[in-house]
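So the structure is just underneath, and the comments pick up after that.
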Amino acid sequence: MDPVIAGVVGTFLVFFLLFLGMPIAFALMFVGFAGLGYLASIEAALPVVARTVYEVSAYYPYTVIPLFIVMGGFAGSSGMTKDLYATFDKWFRKLPGGLAIATIGACAG
């Protein structure tokens, strides 16, 4: 099969999988793996998938995002955010925009 035709079939397959409710990342990953496996070989596609998964997970900016979300979850469930907000509200209550300052301070704290 011509690579252009394989690309068109892959595009339609992505839209079909999205229509079925598959998450975008998994649909793209599946179609890319299937296309590479079809055009080259499965033996060539498997190392590409393994290397890509490792490179994405080892890239520093991508590891910061989930850790930041986990940190926010810990701060919220420990009650620290309520204490920070109450403290900043008392400090900045009399200033113009004190509520905004307290909110930003509690979110950054």
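Note: Cβ is positioned from N, Cα and C throughout, glycine not excepted.
Over in TrEMBL, the protein carries these features:
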DOMAIN    13-108  domain 'TRAP C4-dicarboxylate transport system permease DctM subunit'
TRANSMEM  12-39  transmembrane segment
TRANSMEM  59-76  transmembrane segment
Message = As a test of reading the model: what is the averaged pLDDT for the domain 'TRAP C4-dicarboxylate transport system permease DctM subunit' (13-108)?
response = 87
Request  = Over the span of the domain 'TRAP C4-dicarboxylate transport system permease DctM subunit' (13-108), count residues by DSSP class, listing helix, strand and coil in order.
outcome  = 83 helix, 0 strand, 13 coil
